[in-house]
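Here's the structure, in structure tokens; my notes come after.
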Amino acid sequence: MAETLEEWISDSNQVLNLQMVRTPEDASLLQYEEQQNIDVFNPAFTYPIFGDNEKIFGYKGLDIKLHFASGSLRQYLDISYDAKLASSTTPPDEIEGALYKFIPPDYTKSEVEFQKRVAGDAETFKPLGEKIGSYAHPSAGRKGKGQGDSGMAAGKAIEDNEDVVEYEMYKATWSTPGFREYHRRMQIFVLLFIEGGSYVHEDEDAWEFIVLYERRTRPDSGIFTYHFVGYVSVYPFWCYPDRVRLRLSQFVILPPYQHQGHGSKLYNMLFRHMLDRSEVAELTIEDPAEAFEDLRDRNDLRFLVKEGIVKDPMLYVDVGKGKRGSRVEWELAIRRKYKIAQRQFDRLLEMLLFRQLDKGNPDKVKAYRLHVKARLYRFNYEMLSQMTVEERKEALAKTYESVVEDYKRILGMTFG
């Protein structure tokens, strides 16, 4: 019987099919390499919706379509299957009821109605909030690199250039008209693509969001259409005596847009926006996933190199001699200037030191090793203080080797 019931179990990550839908006219403007923007994709996680095992019981040939109008994010739900188990003792799981708890109730189950919404919203939807930045990428299939932030200065030239696609970022809060309702449509991506992700509380007024869109121009009409790419949410916490600490809580780039540099653009916009705000003391990250931590490291490293940190003689002063004197003052001044959290700042300096390290000089290598171990000891003091001297030495040695290997990996990704 167990073997028979197994046939009625579906992997919820595989049967939940997501799609960002455009009008046929807008879809036809995409080049071959851009078709992934409208292809079906699957979630990374569904346990918040369908349980820890991420299984759905009671169906064969199950197909759950959750489609979104690519800009407005209005939703269409369709549940189909080849067979449904008829059993009173082990009834099939209630699929729509499970999803209903996590999406706004105004979704439609009519494909015709959904296509009408897509068509109407394509012409009327405009991003909510204040535009705070933009950048341009070549259309897929075109050779060359994106124009990066220089695209912001190009103005009308970008709008008239069919070879590039512009991406725009908008800042919004709960007080932005219409954004609360819009957020209820986009927050499902947090559950589906961030492990341990959860919805934010709407009664917490201070939440801030930056939403990233792809902007297209219809060639004949000149109408701009906007297509959701991802977003980041941050929350300000009081920081003594009269400033705030911004905590990055959620960061999502949809799979069709991943590995194209959009995550870095969104992160760097947040970083610059934070630097421009005098009331912000630093940016912290809440339980970052490894992929996001790598993205953060790469961009923070590039930023510090661009700012000339490796050319500053103070970076190399008193390495391996402990935290003291002028080096402490220099580190504090630089960290406060760039508003980077302490542990992250320490790691960044260690990576830059390792990159510049003369690895053929035993004295320099030893000084660097002592420098890193001293930081590791401070960071893990409670655990290490309970060990014997030999155990502590062994633990620090293993941790140091692991840290250095990770630094090599990150530096390789960042600088080649």
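Cβ coordinates come from backbone N, Cα and C, glycine included.
Summarising the environment of Trp207 (site 'Interaction with histone H4 N-terminus'), the number of other Cβ atoms within 10 Å of its Cβ, over all protein chains shown, is 18. As annotated by Swiss-Prot, site 'Interaction with histone H4 N-terminus' applies to Trp207, with the evidence given as similarity to another entry.
Sequence annotations record features per position, and here Swiss-Prot assigns acetyl-CoA binding site to Phe251, Val252, Ile253, Gln258, His259, Gln260, Gly261, His262, Gly263, Ser264 based on similarity to another entry.
Glu286 (active site, proton donor/acceptor) falls outside any helix or strand according to DSSP and counts as coil. According to Swiss-Prot, the feature active site, proton donor/acceptor maps to Glu286.
The binding residues for acetyl-CoA are recorded as Phe251, Val252, Ile253, Gln258, His259, Gln260, Gly261, His262, Gly263, Ser264; their greatest pairwise CA distance is 16 Å. The 10 Å shell around the Cβ of Gly263 (acetyl-CoA binding site) contains 24 further Cβ atoms across the protein chains shown.
Note: the acetyl-CoA site is recorded as Phe251, Val252, Ile253, Gln258, His259, Gln260, Gly261, His262, Gly263, Ser264; in the same chain, Val229, Gly230, Tyr257, Lys265, Leu266, Leu295 also have Cβ atoms within 8 Å of that site's Cβ centroid.
In sequence order, Arg247, Leu248, Ser249 make up the list of same-chain residues 6 or more apart from Glu286 (active site, proton donor/acceptor) whose Cβ falls under 8 Å from its Cβ.
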